[in-house]
Amino acid sequence: MDKLSLMRRVDNAALSNITTGLQLASALSLFLLVMVVISVGSELWRFAHPYFVFLLVLLGICAGVFILGLQAKQLKKIKPYWKIATTAYGAAFSVSWASLILYLSDQPRFFAAADILTDLMLMIVLLAFFAYRPMLYTCVTPLLVITTWIGFDKMDTFYVLPIEKFVAICIIIESGRHVLYRWFINNIEKEHENQRLMKQLAELASKDQLTDIHNRRYFEYELNKQCNIAKRQSSELGLIMLDIDHFKDYNDKLGHPQGDKCLKDVAQVIQQSLMRTTDSVSRYGGEEFVVLLPCTDIEGTILVAERIKQNLTNAALLHPNSATSEWVTVSQGIAQWLDHTGPESLLEEADQHLYQAKAAGRNQYCYKAA
């Protein structure tokens, strides 16, 4: 499960990184496109270049692709398909630049500009898309093919330099991607581990170490929260306070190790008696437990108390020193939110009903009759 959550975190971080990278690469591309128009377009217009109209169409297509990239935040709307979408966009982005660079390289006076543009775009693509390898390679491949083709075309029979450049660019791109991705993953793993440790510490702070259910600290926090919700929404809230009958006698007879086991067994029975994830049981102290039942009326609370009593009977935990039964039993005090003004009065009512249950002979529950 932890590995799956880490993979999910890496995937989400990659999407966020790619989204930012797309916006950055598209913004820089639009800026470079404006520079190309200013420096190249005016000169071609002045000399009435025969392919000037073709250049305008190509520039328009490039501008459209780059403007689309600025809308990268929309990827969140198609999150399950973001990898396909970004790879497809990467192909369009790279082919647009490769076409423009190829066009410029055919003009002798703009060959140097085309070479510089290729190097710039390779660097931008690496920095923007390193987090998702297929997209990076999709973007790099057309640019790499074009720059190598231009090198072969211009060098005539001397092919060593274009080959050396091709190999050098491949090594630089892959090495750079590896370094950046390793840094990216290390940061995510570190953040993931920190959050996992924080969650673990939070669980330890809210768990009773003996019974592995919630502790009193958690209960007090949850009680305050649920009382506020009940007050704000005028909803129901049930509370059951439980006490193991004659637990001191149990300890005196069987010893503390067996007493600890009894606490664990009773806690497990109570936990299994709760049918909803919103319901909770906490160890209040010693042999006392509290059950909190949000959005539960008095009938529902009584039903839970009855279920706990029945499940404990079915568990048949032997009590060799009980004046009530030969089995471990519990007394329960029930309280309902109704007109209470705060958690203290609700808890006090449950405590009073618990003592009434004890006074009435134990192994039962008491509540305020309507």
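Each residue, glycine too, has its Cβ placed from N, Cα and C.
Bear in mind that the values here come from a model prediction, so they are computed numbers and not experimental data.
What TrEMBL lists as transmembrane segment is 21-45, 51-70, 82-104, 110-130, 135-152. If you look up TrEMBL, you'll see 235-370 marked as domain 'GGDEF'.
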### Query
Counting Cβ pairs under 8 Å that are 6 or more apart in sequence, does the total for the transmembrane segment (110-130) and the transmembrane segment (51-70) reach three or more?
no
### the transmembrane segment (21-45) and the transmembrane segment (82-104) contact flag, 3+ Cβ pairs under 8 angstroms
yes
### Residues of the domain 'GGDEF' (235-370) by DSSP state, where helix covers H, G and I
61 helix, 32 strand, 43 coil
### Task
Quickly jot the same-chain residues contacting the transmembrane segment (82-104) by Cβ under 8 Å, restricted to those at least six beyond its ends, or write none.
15, 18, 22, 25-26, 29, 36, 40, 51, 54-55, 58-59, 61-62, 65-66, 68-69, 75, 110-111, 113-114, 117-118, 121, 125, 129, 132, 134-136, 138-143, 145-147, 149-150
### Query
For the domain 'GGDEF' (235-370), what is the mean per-residue pLDDT, to the nearest integer?
93
### Query
Same chain, outside the transmembrane segment (135-152) by at least 6, Cβ under 8 Å from its Cβ: which residues?
18, 83, 86-87, 90-91, 93-95, 97-98, 101-102, 105, 111, 114-115, 118, 121-122, 125-126, 129, 159, 161-163, 165-166, 169-170, 173, 177
